[in-house]
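Student: So TrEMBL lists these for the protein:
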- 21-41: transmembrane segment (TRANSMEM)
- 112-131: transmembrane segment (TRANSMEM)
- 143-163: transmembrane segment (TRANSMEM)
- 190-214: transmembrane segment (TRANSMEM)
- 226-249: transmembrane segment (TRANSMEM)
- 261-283: transmembrane segment (TRANSMEM)
- 290-310: transmembrane segment (TRANSMEM)
- 322-343: transmembrane segment (TRANSMEM)
- 476-496: transmembrane segment (TRANSMEM)
- 502-521: transmembrane segment (TRANSMEM)
Amino acid sequence: MGENRREDFSKAPTPRKPVLELLWFFAIAACIKLLLVPSYHSTDFEVHRHWLALTHSLPLSQWYFDDTSQWTLDYPPFFAYFERFLSIFANIVDPQIVHLQKGLDYDTDTVIYFQRITVIVSDLCLLYGVYRLTKNLDPIKRKLIWVLVIWSPALVIVDHLHFQYNGFLLGMLLISLSYMEEGRDLMGGFFFAVLLCFKHLFAVAAPVYFVYLLRHYCRGGFVRGFGRLTIMGSVVVAVFAAAYGPFIYHGQIQQVIRRMFPFGRGLCHAYWAPNFWVFYILLDKGLSILLRKLGFSIKIPTASFTSGLVGDSSPFSVLPQVTPLTTFVVVLLALSPCLIKAFKDPQPRKITRWVAYAYACGFLFGWHVHEKASLHFVIPLAVAAVQSLEDARHYLLLSIVSCYSLFPLLFEAQEYPIKVLLLLLHSSLMWLGFSAQFDKRESVKQTGSKSKRHVQTKRSMTATGETFRIRFVEKVYLVGLLVVEIWAQFLHPFILGGKFPFVPLMLISTYCSLGVMYSWIWQLRWILKPPTY
């Protein structure tokens, strides 16, 4: 009998290695992305194609001065080097892709397939980041995070339809966070510095990194702490020197900074990212209408909120003008509770949440925020979503709101079924995944000398006796989201025709802003009083 048992045990299938399983997740996602290659792409597609041509055709000293196209280079140098690297292969595939003049608005199948595939391949960086962050988790949690990140519909919409390289950049962020969670602060700081030299908008989390590393890495007395501070500072300086050194040598650093920070673009981006300033704008509009009806002389501004080119003119009729400095101060104030917590009690296991909160603050209160920036906190929070039932509920709502807020990016009719199906599929997978993670089934009954295991099938419960479900308020909000979409997509065009075309977009942004504000408040509450798991 014992031998048979040993023989059966030896024949049991060995579990797959996490790396192979993760590659399967990536392969499935890649197949779907390849099917979407012929779909709509935004002007960002031509932006990146032109950057390929610019970095390939011109010497480095002219990269940030060239104005052959309106899509001038405005990313940090590491991303320019990345484009230069890709241009080597683009030139092999089709030389016209990298031709500065003949390549303008070039969008044949060759360039479309080449650029789409570069985004898919660059997602391997995201894959590695997810692997590092989840390799020590139990299999259910690990696979659930893979579903939330690798199969993120928001990433598919932004990168593989609209067109950008956010997955590649977020991969570097996750790599940095994985080292930080392991207590390897020097490597975490190194990768974050590299990330900033790829895309400077990730700098919103820099205060969190600075305070955390100062207190966690540079601890141990004055001498040891100063030594470590010197090492960390040297690493960061070396990274920035590698990025900006050539441009400093050519005396172009001011031009590079000017291109990277075009503050004249105005408070709001053209698609109205769902953040706090939406309410500020609507309040100003409401007050101006009310005061005009009461007989006050209110000047109607000529500047537009959604042009993205507001410049120095104030688009507000009643309320004070919002400047970049104002938004910077507001972001720092919103960040202050997190910075205080990081200073008092720097714990590696909390760093991912703190960084995600920082990006939520930047999204809500920052200057000229793009709706795509919600990925900066939604993707890292996927790692936290598996920690508790409350985290899962919060993430379910936040992920749906974030993805839905991106719908206006794909405004053509043929892409409508794609974005709806992506969101519905993602929502279903989240629900099934969180249910599998948190619903613990009861087992346990003994009769006489025999013990039998009875599985409860009618109701699955967590350890606290509560099933995974969203609250009444969250259900009402999600129903409201459906109502907003029905009005914006079907009823408004049918009832009002071509009148007030800005209303659907404004309605979507305003309603999604409520959901993002709710998420920010939830994260702030966690920062102030983190639960014990």
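Each residue, glycine too, has its Cβ placed from N, Cα and C.
Remember, it's a predicted structure, so these values are computed and weren't measured experimentally.
Mind running through what each feature is packed against?
Tutor: If one looks beyond the transmembrane segment (21-41) by at least 6 residues along the same chain, the residues whose Cβ comes under 8 Å of a Cβ in the stretch are 112-113, 116, 119-120, 123-124, 127, 130-131, 143, 146-147, 150-151, 156, 160-163, 410, 412, 414-415, 418.
Among residues of the same chain six or more beyond the transmembrane segment (112-131), those with a C-beta under 8 A of the stretch's C-beta atoms are 18-19, 22-23, 26, 29-30, 33-34, 37-38, 41, 45, 48-49, 86, 89-90, 93-94, 97, 145-146, 149-150, 159-160, 163-165, 167-168, 170-175, 177-178.
Counting same-chain residues at least six beyond the ends of the transmembrane segment (143-163), those with a Cβ under 8 angstroms from any Cβ of the stretch are 21-22, 25-26, 28-29, 32-33, 36, 39-42, 44-45, 48, 115-116, 119-120, 123, 126-127, 130, 133-134, 137, 170, 174, 372, 374-375, 378-379, 382-383, 385-386, 395, 399, 402-403, 406, 409-410, 415, 418-419, 422-423, 425-426, 429-430, 433-434, 436-437.
Panel annotation: around the transmembrane segment (190-214), residues 75-79, 82, 169, 172-173, 175-176, 179-180, 229, 232, 235-236, 239-240, 242-244, 260-261, 331-332, 335, 338-339, 342-343, 346, 351, 354-355, 357-359, 361-362, 366, 373, 376 of the same chain, lying at least six beyond its termini, place a Cβ under 8 Å from a Cβ of the stretch.
Outside the transmembrane segment (476-496), and at least 6 residues removed from its termini, the chain residues within Cβ reach (under 8 Å) are 397, 400-401, 404, 407, 416, 470, 503-505, 507-508, 511, 514-515, 518.
Long-range Cβ contacts of the transmembrane segment (502-521) within its own chain (Cβ-Cβ under 8 Å, at least 6 residues beyond either end) map to 271-276, 278-279, 282, 306, 357, 360-361, 363-364, 374, 394, 397-398, 401-402, 404-405, 407-408, 477, 480-481, 484-485, 487-489, 492, 496.
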